[in-house]
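Here is what TrEMBL records for this protein:
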type: BINDING; residues: T34, H66, R120, A140, S142, S180; note: L-threonine binding site
type: BINDING; residues: R57, N61, T116, S150, R194, Y233; note: ATP binding site
type: DOMAIN; residues: 12-198; note: domain 'YrdC-like'
Amino acid sequence: MTRQTMRFTTARHDLEQAAMLLRDGETVAFPTETVYGLGANALDARAVDKIFKAKGRPSDNPLIVHIAHRDDVHQLVTHIPELARLCMDHFWPGPLTLILPCTDAVPANVTAGLDTVGVRMPDHDTALQVIALAGVPVAAPSANRSGRPSPTTAEHVLEDLSGHIAGVVDGGAAGVGVESTVLDVTGAVPMILRPGGVTREMLEHLLGPVAVDPALGNETIAPKSPGVKYTHYAPRGTMYLVEGEQALVEMQRLVQTADQKVGVLTTDEHKDLFPTAAHVISLGSQDDLATVAARLYDAIRSFDHHEIEVIYAETFPEDGIGLAVMNRLRKAAGHRVILAE
Ligand code: TXA
Ligand code: MG
């Protein structure tokens, strides 16, 4: 279905209109501190279904439910383990999604039929206002077409979903730039299912040992795999990560000998090493991973705007937010890794 997508500012009157659309069972995209989300009333299965249709999202991928007040969690979850309570105290509002056992009030399409639900309270004034004005919990995946990089601006949202959603609130650039950390707190040891804005180090400081889903580690041992089924956040061109001690030399060689329109994803320190590339994007200084994260998805999208056919990307240390950055880069590259040692 194609129709006009309404654009809202962050003025109170606009946010009230956006919230009204949500209450009426429509889909509205809005900024959060991580990326833009595509919201719908989380308690209305038909509204939630519109999210899946607009995104082209597989129905087996559950959604995160966003709340504006901590007490709103009680209608969604059957109980809150002590670990989860600690996390809420320290990291909410913020980029941490907690996986908790869900109540019957949560429709099956939100949870993809699981008996758990992901909940978070975003640390973003506009998001909190929209959710509070809607008066319902808001299910919101990232507001991109499925498989594309998550949107960090309203323009990105419209690039993917214009005509397929009822509205978008333009609140400028999102902050962190990569999605929230998804933490399963239903077991004895908390487990990171997706690295994100709240780092493993931050969680371990509070909770003690935190596991990382072994499936995340496995991705790194599938180099050069076409891995179509795992591709996500992907540009239209083919992306390769270049890793190892000789990575920069190898990247220069690959760029010089490329017979396709070539792009480079790099850092301030190295951006001048590739004079023959058609499009060179720096994510900032290699020592400033927060900026690298904030710029990542816009950079990946920009290769499409320049119709780049092949992209070589630098890699980053996996400490702090670097774990999330490398997780997204590996997915964007469909796990194609060139080792240069
Ligand atoms: O930062 C974010 O988390 C953004 C903003 C909009 O809040 N949202 C977001 O949503 O990234 P989405 O749908 O793109 O990613 C949700 C992730 C998926 O990896 C999904 O599998 C996981 O959360 N997830 C949701 N519910 C889950 C559950 N019950 N069990 C396990 N994983 C779950
Ligand atoms: Mg997403």
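Glycine is no exception: its Cβ is also placed from the backbone N, Cα and C atoms.
TrEMBL labels come from automatic prediction, so no person has curated them.
Overlay of TrEMBL feature records on the structure.
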{"residue": "R57", "record": "ATP binding site", "Cβ contacts under 8 Å, 6 or more apart": "I51, P141, S146"}
{"residue": "H66", "record": "L-threonine binding site", "Cβ contacts under 8 Å, 6 or more apart": "T32, G37, G39, A42, V119, R120, M121, P122, A127, I131, P137, V138, A139, A140"}
{"residue": "T116", "record": "ATP binding site", "Cβ contacts under 8 Å, 6 or more apart": "I99, L100, P101, C102, D184, T186"}
{"residue": "S142", "record": "L-threonine binding site", "Cβ contacts under 8 Å, 6 or more apart": "V35, Y36, G37, L38, S150, P151, E179"}
{"residue": "S180", "record": "L-threonine binding site", "Cβ contacts under 8 Å, 6 or more apart": "T34, I64, G94, P95, L96, T97, R120, R194, G196, G197, V198"}
{"residue": "Y233", "record": "ATP binding site", "Cβ contacts under 8 Å, 6 or more apart": "G147, R148, P149, S150, Y297, I300, R328, K331, A332"}
Among T34, N61, S150, which are binding-site residues, the residue with the most C-beta atoms within 10 angstroms of its C-beta: T34
Which of R120, R194, the listed binding-site residues, has fewest other Cβ atoms within 10 Å: R194
Where R194 (ATP binding site) falls in three-state DSSP terms: strand
Among T34, R120, S142, the binding-site residues whose C-beta sits under 6 Å from ligand 2: S142
Mean of pLDDT values spanning the domain 'YrdC-like' (12-198): 97
Cβ neighbour count within 10 Å of A140 (L-threonine binding site): 29
Largest inter-residue Cα distance among R57, N61, T116, S150, R194, Y233 [record-listed ATP binders, Å]: 25
Environment of T34, H66, R120, A140, S142, S180, the listed L-threonine site - residues of the same chain whose CB lies within 8 A of the CB centroid: T32, V35, G37, I64, P95, T97, P122, P141, E179
